[in-house]
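S.K.: When I checked TrEMBL for this same protein, it listed these features:
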type     : residues           : note
ACT_SITE : 151                : active site, proton donor
ACT_SITE : 300                : active site, nucleophile
BINDING  : 112, 150, 308      : substrate binding site
BINDING  : 116, 156, 158, 161 : Zn(2+) binding site
DOMAIN   : 16-377             : domain 'Glycoside hydrolase family 42 N-terminal'
DOMAIN   : 390-595            : domain 'Beta-galactosidase trimerisation'
DOMAIN   : 611-663            : domain 'Beta-galactosidase C-terminal'
Ligand SMILES: [Zn+2]
């Protein structure tokens with residue numbers, strides 16, 4: 001094992017709530033943390049009533065004491081702002097702080113995130129507390145980062161939010177005539193005569209209204225988050241980062257926009273019932289890394305079990321270790337277990353912990369001890385490394401919302417479709433970034449847009465420029481159907497992109513039975529969705545697949561195309577492919593783009609790579625996500641396995657749930 005000492009790159013930690021315990025009990029907890037090998041704890045994110053027990057009565061000494069005691073045991077702190085848990089005294093004084101639900105009722109105090117994100121009184125109380133915390137804790141050298149709030153998620157339907165929404169629309173559209181025109185409000189006599197008539201959409205409504213409401217929710221959270229960042233930042237040392245802990249594929253707001261003001265993204269990774277699905281989890285890591293296009297943290301992960309699933313089963317022994325290394329391989333620099341110790345009371349009594357209510361380690365503790373040891377000893381191997389990809393999948397919240405509101409087929413799920421494109425690339429161990437369609441595409445050879453249904457001029461120009469520069473672009477079903485008002489383009493799809501595809505969509509069909517598909521490189525079926533394509537530029541466009549006999553409308557018609565555009569190549573896949581066909585299709589697409597997998601690996605083994613940019617040092621993390629021994633064939637180089645301490649050539653044998661961390665032998 002590498003023993004070289006250096007800057008700590010990999011962190012392992014837990015969420016700790018000293019406010020649940022008498023201070024005399026902290027020392028035994030912290031000694032156990034040190035024994036376990038934790039390097040960081042997150043504290044404070046629900047502690048408002050302990051930090052400010054009554055208005056303006058700030059009580060920070062207890063937290064100073066906890067931070068210092070932890071530091072004495074070589075454990076650093078991530079401090080959360082406690083705004084996810086506004087206290088009873090504040091809610092009593094300002095009942096309007098409580099959010100209003102869809103039925104128009106105030107939500108109940110005491111279940112977290114019970115606030116209206118736009119409440120003036122809440123903003124004022126937050127500003128006072130966060131300012132005081134910034135002034136008091138900002139220069140503390142033992143705090144390495146801050147987390148704003150916790151898992152933003154609530155949507156408020158109060159009159160104040162509605163009024164602000166109307167103001168936002170007025171500012172954007174300037175005139176009601178403009179809004180009425182762009183929203184086609186003549187439909188069902190929705191025409192607005194006054195801004196105050198515009199509702200908050202509840203359930204299905206005008207698509208433009210629904211999209212604007214989502215933008216407004218994003219804007220509201222961003223504003224609230226930004227206020228806290230602006231209060232904190234002037235008091236923090238330069239190297240201290242600010243994050244928010246997102247929740248994977250949750251789509252309550254646009255995560256790219258929310259990440260703009262953060263230094264780093266992080267996410268809370270829970271399996272719930274069952275076991276880790278490595279492909280899905282890899283995609284979620286890639287998604288989170290894409291929010292800032294840089295390394296991230298897993299701010300919460302389950303210590304064996306949760307308390308909220310239908311069956312709160314444990315992970316298999318050894319599974320947590322594979323998950324921890326999967327996260328690191330995908331670009332995480334930290335894994336923090338939620339939580340350290342079972343509180344005696346409170347809503348989450350039965351959630352997994354590292355230490356039980358008696359203060360004694362649970363059996364799972366030993367597994368984390370091994371992970372902590374490995375993280376500590378291998379930290380320097382990962383110094384300055386990050387994931388590098390030549391393939392990007394474009395993920396767009398607006399397109400996702402637009403499709404989810406008008407799925408047209410109950411099984412047409414935006415994320416599932418995106419994952420159907422992701423899965424073959426993952427199986428081929430091809431590194432993939434999942435990014436916003438508005439991010440730079442310069443570093444990519446291959447870009448896939450599974451269902452980029454909303455495009456405007458800027459996006460069209462962006463995609464065109466990528467292909468003009470020789471990029472290979474794959475467009476999936478429902479591409480370029482709508483504009484930023486969630487209105488149809490007055491053209492056949494993919495509107496304004498047909499000069500790139502050389503083909504257009506004549507019609508689309510939701511499928512209640514699978515349709516056979518004959519491809520040039522594969523045979524298979526279309527499921528859920530099928531578009532009937534028409535080639536409009538026959539000189540440089542070829543069909544890639546045609547439909548077999550089915551409903552008559554699709555018989556013998558073109559399902560997929562390929563178009564030469566200068567030095568670039570554009571694919572259009574109008575069919576929602578079965579998994580086998582998709583694998584064959586994308587394998588060929590990747591080969592055409594000159595994109596290769598890292599190593600070939602058997603099913604259930606994933607290979608991740610982090611690269612140190614300045615000298616191109618590569619670190620491979622190989623994780624056997626199966627409970628059987630597996631063998632991975634390597635290339636002609638010899639490698640050092642930093643976990644086993646062995647030198648490897650030819651192949652590597654991985655025990656059940658085995659992990660290897662390889663660098664080329666120098
Ligand atoms: Zn509200």
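Using N, Cα and C of the backbone, Cβ positions are placed for all residues, glycine too.
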S.K.: Around residue 161 (Zn(2+) binding site), how many other CB atoms lie within 10 A of its CB?
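M.R.: So the Cβ neighbour count for residue 161 (Zn(2+) binding site) comes to 22.
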S.K.: Taking the centroid of the Cβ atoms of 112, 150, 308 (substrate site), which other same-chain residues have Cβ within 8 Å of it?
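M.R.: Everything else in range on the chain: 84, 113, 151, 348.
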S.K.: Give the distance between the Cα atoms of residue 156 (Zn(2+) binding site) and residue 308 (substrate binding site), rounded to the nearest whole Å.
M.R.: 24
S.K.: If you measure every Cα to Cα pair among 112, 150, 308, the residues listed for substrate, what is the largest value in Å?
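M.R.: Of all Cα pairs among the recorded substrate binders, the widest measures 18 Å.
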S.K.: Cβ within 8 Å of the Zn(2+) site centroid (116, 156, 158, 161 excluded): which residues?
M.R.: 99, 100, 117, 118, 119, 157, 159, 160, 162
S.K.: Which residues, sitting 6 or more apart from residue 116 (Zn(2+) binding site) on the same chain, put a CB under 8 Å from its CB?
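M.R.: Expected: 96, 97, 98, 99, 100, 122, 156, 158, 160, 161.
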S.K.: Using DSSP, what's the helix, strand and coil tally for the domain 'Beta-galactosidase C-terminal' (611-663)?
M.R.: 0 helix, 35 strand, 18 coil
S.K.: Report the recorded positions (151, 300, 308) that meet this criterion: Cβ distance to the nearest atom of ligand 1 under 6 Å. Use sequence order and write none if nothing qualifies.
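M.R.: So the answer is none.
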S.K.: Cα-Cα, whole number of Å: residue 308 (substrate binding site) versus residue 300 (active site, nucleophile)?
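M.R.: Cα of residue 308 (substrate binding site) to Cα of residue 300 (active site, nucleophile) measures 15 Å after rounding.
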S.K.: Of all the binding-site residues given, 156, 158, which has the fewest Cβ neighbours within 10 Å once its own Cβ is left out?
M.R.: 158
S.K.: Roughly how many angstrom lie between the C-alpha atoms of residue 112 (substrate binding site) and the residue listed as 'active site, proton donor'?
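M.R.: That separation, Cα to Cα, works out to 10 Å.
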